[in-house]
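Undergrad: The feature thiamine diphosphate binding site is assigned by Swiss-Prot to HIS80, GLY121, HIS122, SER123, GLY153, ALA154, ASN181, TYR288, GLU370. The feature Mg(2+) binding site is assigned by Swiss-Prot to ASP152, ASN181, with sequence analysis given as support.
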Amino acid sequence: MSFDIAKYPTLALVDSTQELRLLPKESLPKLCDELRRYLLDSVSRSSGHFASGLGTVELTVALHYVYNTPFDQLIWDVGHQAYPHKILTGRRDKIGTIRQKGGLHPFPWRGESEYDVLSVGHSSTSISAGIGIAVAAEKEGKNRRTVCVIGDGAITAGMAFEAMNHAGDIRPDMLVVLNDNEMSISENVGALNNHLAQLLSGKLYSSLREGGKKVFSGVPPIKELLKRTEEHIKGMVVPGTLFEELGFNYIGPVDGHDVLGLITTLKNMRDLKGPQFLHIMTKKGRGYEPAEKDPITFHAVPKFDPSSGCLPKSSGGLPSYSKIFGDWLCETAAKDNKLMAITPAMREGSGMVEFSRKFPDRYFDVAIAEQHAVTFAAGLAIGGYKPIVAIYSTFLQRAYDQVLHDVAIQKLPVLFAIDRAGIVGADGQTHQGAFDLSYLRCIPEMVIMTPSDENECRQMLYTGYHYNDGPSAVRYPRGNAVGVELTPLEKLPIGKGIVKRRGEKLAILNFGTLMPEAAKVAESLNATLVDMRFVKPLDEALILEMAASHEALVTVEENAIMGGAGSGVNEVLMAHRKPVPVLNIGLPDFFIPQGTQEEMRAELGLDATGMEAKIKAWLA
């Protein structure tokens with residue numbers, strides 16, 4: 001869409017942060033109003049992350065107004081909230097392309113803008129990176145300031161606290177802003193607290209505090225008295241004891257929607273030495289009532305009509321794989337009170353809403369804490385329960401040592417329900433489920449299953465749940481199932497594939513939900529088609545049978561080729577000295593960018609047309 005200057009006259013004056021800093025302060029509330037309306041107008045037309053950005057408009061304006069970005073370095077955690085940042089940093093007219101193939105990246109991205117200091121997508125990385133950036137800035141001696149913005153969800157992760165603990169030790173000059181949008185601003189976060197925050201961040205208070213510490217540093221009783229007095233005074237009005245104990249100077253909480261108040265506080269804090277912590281309270285979805293009332297639903301939105309206040313409803317077609325998992329989870333829990341389900345803050349995305357309501361005492365949302373989720377599951381298994389960890393492929397990467405050390409070595413029966421495996425679409429490089437087969441396949445005695453449809457997915461979940469000799473994993477994609485009939489649950493024979501079609505010279509060994517595309521290719525080329533089902537243990541007998549009865553083999557998977565299921569087939573053939581040609585089809589050796597799943601599969605040659613073209617070129 002073209003930018004309407006008449007509709008957004010103040011925003012039209014801001015093509016860069018340099019122009020933003022030329023505006024009089026009195027015009028900034030109007031700028032915030034226009035920025036919020038422009039965000040609503042843009043995202044409702046194009047889709048994207050929505051409610052978080054509405055809540056950070058004033059903070060974004062204030063930070064870029066006070067700090068000399070991009071010289072001063074502003075780091076956004078995760079990046080859902082960074083749409084206003086993109087709009088103010090030269091990308092205003094392209095915001096309608098966000099999350100689309102070839103468009104703006106969904107998160108801050110170093111290759112896109114000098115204002116994007118850190119490429120992000122996963123949570124809780126900002127403070128660690130910020131410490132490194134602040135230390136580097138100090139060593140180069142250019143008085144470059146560092147600011148990290150982190151949300152109340154991301155700060156729950158252990159990595160954030162590890163970083164703050166380190167910052168308290170080495171004391172770099174940096175500011176951490178906690179964007180706390182868990183609740184609306186209450187009365188005690190009003191004028192009095194804002195005044196106190198400005199006072200506590202001001203030069204008089206800082207000078208008295210630091211001066212007093214220096215003067216009485218050699219007099220232990222007085223020094224301790226000063227410290228206790230300061231703690232008592234601040235403790236009466238400031239809920240920041242934890243952050244103070246970690247070594248930060250805590251200011252807040254303050255109203256995150258008072259742009260002028262934020263500017264005053266940020267200016268006061270800008271030149272303070274050591275690690276500073278500013279706690280702001282915001283409303284997720286601010287300025288758009290439907291998003292304020294239901295920020296979870298409006299977190300990420302498709303195209304919608306903002307005047308209706310409603311998101312378009314599902315067409316009522318086939319269920320998603322997440323829904324298939326959620327239904328199986330409820331069905332199994334109703335029969336077995338030993339079932340325990342765990343998610344690291346992905347209840348809705350993983351299809352666990354119904355389970356959480358029906359079985360609240362067996363549902364555990366551990367927040368953004370993937371490492372803890374896995375070891376917590378290990379403890380439940382040791383205690384005689386049957387834990388299921390529902391987790392996205394890309395987030396399981398964050399708990400790899402726990403899978404190895406805490407689950408697999410001890411042969412604990414933990415089932416990993418791995419959602420969003422393969423190409424996920426619009427969230428791009430940071431969220432593609434490209435590597436789980438590669439990083440799990442090397443774990444001794446782990447069972448790994450790849451269903452080709454929703455019925456097989458249910459059977460594999462059932463099989464993994466009843467597998468007691470160690471961990472198991474079922475990986476399934478983002479998106480809808482294919483519409484096959486659901487049959488009664490039964491355990492599959494471990495490590496056994498099935499032949500779906502008999503052909504002649506070529507055999508296609510398929511792993512996972514690319515099966516419908518592989519079936520089209522098999523029909524076109526008169527090839528044998530095998531549903532391998534298990535990546536580990538592989539059906540070696542079936543692989544050797546296919547090698548003996550065909551001139552060439554093709555493996556198909558939606559995982560990185562390197563180290564994936566196809567690599568496993570190659571290893572089997574080499575171990576048995578079978579010199580049959582093998583073509584491995586899967587994800588190439590680069591990070592897959594954003595685009596719809598259909599667009600990216602077509603581009604990477606993972607649809608039927610692309611697979612057939614690759615096979616014909618290879619056979620030529």
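The backbone N, Cα and C atoms fix where each Cβ goes, and this holds for glycine too.
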Undergrad: Between HIS122 (thiamine diphosphate binding site) and ASP152 (Mg(2+) binding site), what C-alpha distance do you get in Å?
TA: 14
Undergrad: Around GLY153 (thiamine diphosphate binding site), which residues of its chain at least 6 apart sit with Cβ under 8 Å of its Cβ?
TA: SER123, ALA345, ALA367, ILE368
Undergrad: Among the binding-site residues ASP152, GLU370, which residue has its Cβ surrounded by the fewest other Cβ atoms within 10 Å?
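TA: If we count Cβ atoms within 10 Å for the binding-site residues ASP152, GLU370, the smallest count is at ASP152.
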Undergrad: Roughly how many Å lie between the Cα atoms of GLU370 (thiamine diphosphate binding site) and ASP152 (Mg(2+) binding site), rounded to a whole value?
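TA: Between the alpha carbons of GLU370 (thiamine diphosphate binding site) and ASP152 (Mg(2+) binding site) there are 16 Å.
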Undergrad: In the structure shown, which of the binding-site residues HIS80, HIS122 has the fewest Cβ neighbours within 10 Å?
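TA: Counting other Cβ atoms within 10 Å of each of the binding-site residues HIS80, HIS122, the minimum falls on HIS122.
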Undergrad: Work out how many Å separate ASP152 (Mg(2+) binding site) and ASN181 (thiamine diphosphate binding site) at their Cα atoms, rounded off.
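TA: ASN181 (thiamine diphosphate binding site) has its Cα 7 Å from the Cα of ASP152 (Mg(2+) binding site).
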Undergrad: How far apart, in angstrom, are the most distant Cα atoms among the thiamine diphosphate-binding residues HIS80, GLY121, HIS122, SER123, GLY153, ALA154, ASN181, TYR288, GLU370?
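TA: Between the outermost Cα atoms of HIS80, GLY121, HIS122, SER123, GLY153, ALA154, ASN181, TYR288, GLU370, the distance is 32 Å.
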Undergrad: Using Cβ-Cβ distances, find the residues under 8 Å from ASN181 (thiamine diphosphate binding site) that belong to the same chain and are at least 6 apart in sequence, listing them in sequence order.
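TA: The list for ASN181 (thiamine diphosphate binding site) reads SER52, GLY55, GLY151, ASP152, GLY256, MET281, THR282, LYS283, LYS284, PRO295, given in order along the sequence.
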